[in-house]
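Q: Quick one: the structure is below, and I'll ask about it shortly.
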Amino acid sequence: MAAAAGDRASSSGFPGAAAASPEAGGGGGALQGSGAPAAGAGLLRETGSAGRERADWRRQQLRKVRSVELDQLPEQPLFLTASPPCPSTSPSPEPADAAAGASGFQPAAGPPPPGAASRCGSHSAELAAARDSGARSPAGAEPPSAAAPSGREMENKETLKGLHKMDDRPEERMIREKLKATCMPAWKHEWLERRNRRGPVVVKPIPIKGDGSEMSNLAAELQGEGQAGSAAPAPKGRRSPSPGSSPSGRSGKPESPGVRRKRVSPVPFQSGRITPPRRAPSPDGFSPYSPEETSRRVNKVMRARLYLLQQIGPNSFLIGGDSPDNKYRVFIGPQNCSCGRGTFCIHLLFVMLRVFQLEPSDPMLWRKTLKNFEVESLFQKYHSRRSSRIKAPSRNTIQKFVSRMSNCHTLSSSSTSTSSSENSIKDEEEQMCPICLLGMLDEESLTVCEDGCRNKLHHHCMSIWAEECRRNREPLICPLCRSKWRSHDFYSHELSSPVDSPTSLRGVQQPSSPQQPVAGSQRRNQESNFNLTHYGTQQIPPAYKDLAEPWIQAFGMELVGCLFSRNWNVREMALRRLSHDVSGALLLANGESTGTSGGGSGGSLSAGAASGSSQPSISGDVVEAFCSVLSIVCADPVYKVYVAALKTLRAMLVYTPCHSLAERIKLQRLLRPVVDTILVKCADANSRTSQLSISTLLELCKGQAGELAVGREILKAGSIGVGGVDYVLSCILGNQAESNNWQELLGRLCLIDRLLLEISAEFYPHIVSTDVSQAEPVEIRYKKLLSLLAFALQSIDNSHSMVGKLSRRIYLSSARMVTTVPPLFSKLVTMLSASGSSHFARMRRRLMAIADEVEIAEVIQLGSEDTLDGQQDSSQALAPPRYPESSSLEHTAHVEKTGKGLKATRLSASSEDISDRLAGVSVGLPSSATTEQPKPTVQTKGRPHSQCLNSSPLSPPQLMFPAISAPCSSAPSVPAGSVTDASKHRPRAFVPCKIPSASPQTQRKFSLQFQRTCSENRDSEKLSPVFTQSRPPPSSNIHRAKASRPVPGSTSKLGDASKNSMTLDLNSASQCDDSFGSGSNSGSAVIPSEETAFTPAEDKCRLDVNPELNSSIEDLLEASMPSSDTTVTFKSEVAVLSPEKAESDDTYKDDVNHNQKCKEKMEAEEEEALAIAMAMSASQDALPIVPQLQVENGEDIIIIQQDTPETLPGHTKANEPYREDTEWLKGQQIGLGAFSSCYQAQDVGTGTLMAVKQVTYVRNTSSEQEEVVEALREEIRMMSHLNHPNIIRMLGATCEKSNYNLFIEWMAGASVAHLLSKYGAFKESVVINYTEQLLRGLSYLHENQIIHRDVKGANLLIDSTGQRLRIADFGAAARLASKGTGAGEFQGQLLGTIAFMAPEVLRGQQYGRSCDVWSVGCAIIEMACAKPPWNAEKHSNHLALIFKIASATTAPSIPSHLSPGLRDVALRCLELQPQDRPPSRELLKHPVFRTTW
């Protein structure tokens, strides 16, 4: 490097430099031993001899360098001493050395900028070398040390003299102009950066070795830190061709800047005095955070998912986030943001760092305000960069793009190091997404503007931009060149990578498969309803690539990609779209195939197995792909997505025909994975999800009678369904879940538990009423039951506690249900014995205890081992169909008598003995020798439902309800002896309560009462009698912890869980006998009925008696009854779009009725007020008639006069002339517009006073004239059809010569604006009167699909009485294309007075009727304070006012003296969001207009 310096120095013409170069080259960059002393000696001699000549030369050189090179000031280094090894080390003090040494103090006047070495030849290079060698000489070298201070002082003085002479030189003007774009000198910038990063600098003398190795090491280190690795000898002093190389040498050793700053201290001060800028830079500029926090914030901004949506003002941007609702306005200059998070928020830093591309160390980044020239400079650079990308790309750019597309992973490492600065900058720009302002990597999903600038963008960023365009109702355009995007489908130009699919989106969207025209066409037709394009293309995980291929073929890449989105909203929308597409495809396929195949197998899913047409094949493939999708999406953890998946499942099933057995088999096979997924969801931790899953499968069990009936929505489908209960049972039992997969087991067990309760007729035929037809033999039904119990028996020993306990509970509760069929009960005991379970002994004890309860223990012990089939007849005989009014004791006696001929006298045994024995069984007391057991639980709280299953038949429910003998008068009598026996005793387990027991009659009364309470929609006569041996209620919520008390009102919901099913009344008895009977909760409760509910206070007194039993009862209650109003069913969540849950709480109903009445009353009052307003609107004064302006029906309202040229066809020819100054006279001017004038006029023939609006239609070009004529005709014809008391009326219109004359009725009171200027602000009563009339007129216009768009005081006319207001001047009015309020066809048109215009109009967004409502609020402000809103009279610059309103975050200030009512009206009108403003018709219902002022 030093050799190169020597060569370059010798070419400059200095002999000393040429003489020094050989030593420099031979030394290889290392100083010789005597180099430093020799340089110091030469420096001392030259200082005394040739000072004046050198000073003159320095001044000339300084002028030259500064005048030419100060444009490099932002890149100039802090100190020049960071050069590489000094090239000049001559052993003898030659004149060249001396000259170099004397000039070594040149930096005292100011450091040469980078590039000075190349322009000044070797002299400046040796200056630095000699200066370094002299400055760093050892302490022992006295002559150089003594000479150094004197030389510096001399240089300082002479430099100052030269600087004073530069003040009036023309170079100074150039320097100032060069400094306009700079804000802070680079030395100060670097100094601040180093100070923040390294803290205070401690200056220490650095001893330099005699051989100069310290300086060599320093230079080498500096060189190593540089970004450009070229072989230049002085990276700090050369002029680099790359802009990135100038800051590369600004970092050196931590201690070196301190030393140099001390020795060359005049540098910053002198440089500051050389070129004082004409405009000082903005103040501050220091980061308010610590260096670490500053770095963290900058890094956060560089990674933030923010997007530049558009520039919405001269100095403002609209910044968006991933969510379409997150938009923020960033204002440059004031440096603030609409997010309200204070200065230097992430959005402002995003604009500064990524939009303006400032360096993180740029002081402008941390300024709280920027001056105008700084803002202009930033925007100028931004727009120049942006416009450079819009220009047509060069051939080289296109070739590079093509090469990158074809070979993305073969980037050469050397290709980035050999490019010029301009090409590198442009290449960097091309590799940056213009929306997120981040680089585009090869592995990212990219798209390209194909019809415009051909710039690449991120797919995700483009989807954000597409959503913005969609919300603004704009066509999708390129955010750079504004050219129209080819399609709403974003074509994937992503480069091939292991993650991406090789098939592009465009290829997928083409109808390459026979399924595409069916599903794809439906999807495209309904794109407006279920538009997914604005979500962009979502990446499909690699694990699902192969699985998703048939999905893509059937439904398209766009929809399938959204199913894998990380945003649950996108997934939900995709499922809604999928539901729509599939139902449409199935309808289309079914409709076309039924005509060809004749119905038998037409439209089937068997892919042509039953029919040879292609249409069934299409629908079959769609269903197959659809079921595959559902098997995955039904596992979604988000509840709303899961609901959407079930809705999609229903949509598919109800439109899928199934006529043959083959079709049923195929449909069963396709649905099997879906059902398996839902089975797992039955044990979901989310209670709503588990309830909904169980309810869904119950609907499937109902077959063609349920909500999931196959082909339900197809007319005359005649589908046979998928099999109902049998199919669900096959799904439960078919795939035997592994024992380690506890979720699958628990989900199946939860469903089994619910099935046995909800559709008990399928499993317990002995308790079904005789009038219920039995489709299947009893044997088959019992086999179903046994298969389920065998499945539960397999899981009794499961390691997962919840699985094992629920299995045991199901088994025991089913055993209790079949006690009336002793052979079946015996079969259960046998199955338990054969299982070899570790719980065998305990389970058998509990089974025998159940047998003892119902007095069939002897039957079991006598060896009733007959097979189930052999005992069916006796089983039927043992189970009478119904016992509507028999007590539990009587029924037990009946079973005993008819079953095995047991003695009826057995009933006379002491009830105390039975109660004591079975209470111990039920409670599981430690003192009970027969029922000793731990405290297992099915729920997480650790309490088993099974502990409640074995309640004593005689354990009195009266324990909880002591006063229930009176209410029930319809209960039949029972034997007195039974009553006496039961009433004498109480179970030993409940002695501390001291509450007398209840009689069986009382028990039965309570049971019947409770039955009426719980059975909302059931016919109690069809239900079985109240069994004392009862199974527990369902446990769909078995997996989650419950509240410690029953929820008030929960009993009234009991029937909901078992609606439309053969729910046994023993369910009620299980609550009565087991839950309340076994000494459970409270001794002070009342009978549950429709008017009463359980409260925590009622069961509190029994809590400490037996917490085990209390907990079990509580679990039974909560498992059997919905604990609150949030019960989730398939019908409430899926089948009905807007579910209305039946409420049985009378208090709630009363509240609802009361509120409903209040609401109805208020609505009636509003409607009455509106009727009055409309009635007042109907009162219309007579309009004077001018004969010459009348036209026949069907003729054009515009009458063309005779002397008018025939250039305007379509008008009515005048039968009678009506010319100015002849038939009518023009009076004083009352208004003036750009192309129109308004005058008072009088009809000569009738004397009618009129106002005439004369509009000239002549323009410079014919096309412009045609537009004007068409607009005038539209205005005239519009006004001719308007007839309302608050709308100005037109008498007629003529076309005469070059003018259109619009004759309108005369309003003598002039305009509201004129009255305000003449009389001042109105009183509030007047404001309310005028506002109401204004709203009436606007309501009439809006109902006729007209928006005025120019509502202001100048266009509101008052009649001669001052009481009637009419809306005038429809020059800006336009007719809406539809009757929808949100029509937005007038985007970008700035019509009307600015101060009264809505922000969305000024922003160029879509607008509709709501813009007139905003103007009403502005008119209220104008009438209340006689000034337009926004202090518009103080704004002489219309653009500034537009910007103020368009960027406003609050409504204009409302006068404080307004009453609350009128203030509320104004605030409603001035809602910033158009959709939040009420329609004018709704505002008329406001109470302020119903009050007499």
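The backbone N, Cα and C atoms fix where each Cβ goes, glycine too.
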Q: Tell me which residue from Thr770, Thr905, Thr1381 Swiss-Prot records as phosphothreonine.
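A: Going through Thr770, Thr905, Thr1381 one by one, Swiss-Prot annotates Thr1381 as phosphothreonine.
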Q: Among the residues Ser137, Ser952, Ser1459, which does Swiss-Prot list with the feature phosphoserine?
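A: The residue tagged phosphoserine by Swiss-Prot is Ser137.
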Q: Select, from Ser387, Ser619, Ser910, Ser997, the one residue given the annotation phosphoserine by Swiss-Prot.
A: Ser910
Q: Based on what Swiss-Prot says, identify which of Thr648, Thr1393 is the phosphothreonine one.
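A: Going through Thr648, Thr1393 one by one, Swiss-Prot flags Thr1393 as phosphothreonine.
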Q: Taking only the Cα atoms, work out how far Thr1393 (phosphothreonine) lies from Asp1350 (active site, proton acceptor), in Å, as a whole number.
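A: That comes out at 7 Å between the alpha carbons.
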Q: Using Ser287 (phosphoserine) as the reference point, find which of the recorded positions Ile1230, Leu1232, Cys1238, Asp1350 has the shortest Cα-to-Cα distance to it.
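A: Given the candidates Ile1230, Leu1232, Cys1238, Asp1350, the nearest one is Asp1350.
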Q: Based on Cα coordinates, which of the following recorded positions are within 10 Å of Ser290 (phosphoserine): Ile1230, Leu1232, Ser1236, Cys1238, Asp1350?
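A: Of Ile1230, Leu1232, Ser1236, Cys1238, Asp1350, within range: none.
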Q: Go through Ile1230, Leu1232, Cys1238, the listed binding-site residues, and name the one with the sparsest Cβ surroundings, counting other Cβ atoms within 10 Å.
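A: Leu1232, out of the binding-site residues Ile1230, Leu1232, Cys1238, has the fewest neighbouring Cβ atoms within 10 Å.
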Q: Which residue, out of the recorded positions Ser287, Ser290, Ser1236, Asp1350, Thr1393, shows the minimum number of other Cβ atoms inside 10 Å of its Cβ in this structure?
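A: Each of the recorded positions Ser287, Ser290, Ser1236, Asp1350, Thr1393 was scored; lowest Cβ tally within 10 Å is Ser290.
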Q: How does the zinc finger (433-482) divide up by DSSP, counting helix, then strand, then coil residues?
A: 13 helix, 8 strand, 29 coil
Q: Cα-Cα, whole number of Å: Leu1232 (ATP binding site) versus Asp1350 (active site, proton acceptor)?
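A: Leu1232 (ATP binding site) to Asp1350 (active site, proton acceptor), Cα-Cα distance: 15 Å.
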Q: Could you round the CA separation between Ser1236 (ATP binding site) and Asp1350 (active site, proton acceptor) to a whole angstrom and send it over?
A: 16
Q: To the nearest Å, how far is the Cα of Asp1350 (active site, proton acceptor) from the Cα of Ile1230 (ATP binding site)?
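A: Roughly 18 Å, rounded to the nearest whole number.
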Q: What kind of secondary structure is Thr1393 (phosphothreonine) part of, going by DSSP in three states?
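A: Assignment for Thr1393 (phosphothreonine) reads coil.
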Q: How do the residues of the zinc finger (328-356) split into helix, strand and coil according to DSSP?
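A: Taking the zinc finger (328-356) as a whole: 10 helix, 6 strand, 13 coil.
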